[in-house]
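Worksheet for the structure shown next.
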Amino acid sequence: MEEQTQHRTTTSARLRFVLGKKATDVALPAEVPLADLLPAILPQFGAEWIEQGADHEGWVVQRLGEEPLDEDRTLAELNLLDGETVYLRPRADQLAAIDYDDLVDGVGQQVREHPGVWTPAHTRWMFRIGSAAVLLFGLFLVSGAGAVWVETLLSGVVAVLLTGGSALVARGAGKPQVAVILAGVGVCYAALCGTLVVDLLDPAATAMIRVTGGAAGALVALAAGLVAVADGALLFTGATVFALVLALAGLIGSVTPASPPEAAAIVLVVTLIMGVFVPATAFRLSGLTLPMLPTGAEELSEDIEPVPHKLVVERGAATVGYSTALHIGLGLGQLVLLPMLVVEGYGWSMVLSLVMAFLMFLRARHPGGTVQRWSILLPATVAVLANLVHIGLEQSPFGRLMVVFVPVFAVGTVLLLLGERLPGRRLRPYWGRAVEILESVTAVAILPILLQVLHVYSYMRGLAG
């Protein structure tokens, strides 16, 4: 196998095709999809074989004893070697798998080819994750290093060293994964340094001020990491959004009389507004711009040049990546702030968290990506569960059974039924319109509830009285 691998070429490959009792050798380009090559291969066996393809849904290409090859992949991607023999078979009459005459060899092959088999790449990532875990464990060691100024200096120096090291690894060694790990750990040390700076300046500082300091330190490190490791732009973008959400919540709780739940409520409303602009922001971050709409006949001939295919594909993939990163950043921020409305809040703040969760459930239908949808669904689910736990702890055992368990059991049953009937089913247009109206009404309802949480109504009544 090693000798055959040495003869693989990235420009062409000479393969032997077998069809019926006839075999022919064909030299083919290795960078062209197999589906585009079949029309040139079949005439080598005669025109009658081409006509027969219409009777059995076309032809497939197989190695002996294996599944048909993916026609959308190139010869190089299929690992086809010079001199290898493959078989052309009707799609409805594929070659059957070869029976094993050695049970041990058959089981051993399945074990070796199992999708979850351990590979050198897994070993590499095992050491990388272990390195990150050990470096992060140093955060606890730094916290007990002695005086506050010593801890501050030590964490700041480590953050600078890790960020600088990530730049050297990314640009000098060309290993972006390792560089991202170093920069990410450096962000954690910078966040600790920001928190310790607050403790150094004001030992009696509130938790919200400490959060602001830590988020500010993380933002500085993220900006440096983004410059140092350009390949980690998507990861740093999501982390920056998360740090901005925490910094905004901490800043509001620090410079205003708002309590932590009230500050969290304000920032959550901001994140819901930001979520509306995620698609447009991701599009702009990818480097794409839409042409201006013409305002007159003389402008109809402007911006009509075709965009290169490669540019659209690359920028389109970047758009999806930035959209995912922005959704994850906002989702993590909401995942932290939504429980604050329940744990440290009261009746109206809990109502606000449930209304926000309901709005997020409705909005989750918009993104097309799996990670993007879960970034919206997960914080909303956590908010609902936090409310259920809070309500359940305030009830007697019988009340907990009636108020919490029965509704939860009913909702779980309904969700199970919806999972069996709803996916792939076409709904009437008026149902979609009804959901859009419900989403708009829910979004509008958040504002008056927020004002109640912030005690604006009682303050205005006080002014009037």
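Here the Cβ of each residue, glycine as well, is placed from N, Cα and C on the backbone.
As recorded in TrEMBL:
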- 123-463: domain 'EccD-like transmembrane' (DOMAIN)
- 125-147: transmembrane segment (TRANSMEM)
- 178-201: transmembrane segment (TRANSMEM)
- 207-227: transmembrane segment (TRANSMEM)
- 234-252: transmembrane segment (TRANSMEM)
- 264-283: transmembrane segment (TRANSMEM)
- 346-362: transmembrane segment (TRANSMEM)
- 374-393: transmembrane segment (TRANSMEM)
- 399-419: transmembrane segment (TRANSMEM)
- 440-460: transmembrane segment (TRANSMEM)
Cβ pairs under 8 Å between the transmembrane segment (264-283) and the transmembrane segment (207-227), at least three: no
Beyond the flanks of the transmembrane segment (207-227) by 6 or more, those residues with Cβ under 8 Å of it: 159, 163, 166-167, 183-184, 186-195, 197-199, 233, 236-237, 239-240, 243-244, 246-247, 249-254, 260, 263
Long-range neighbours of the transmembrane segment (374-393), counting only residues six or more past its ends (CB under 8 A): 275, 324, 327-328, 330-331, 334-335, 338-339, 341-343, 350, 353-354, 356-358, 360-361, 363-364, 367, 400, 403-404, 408
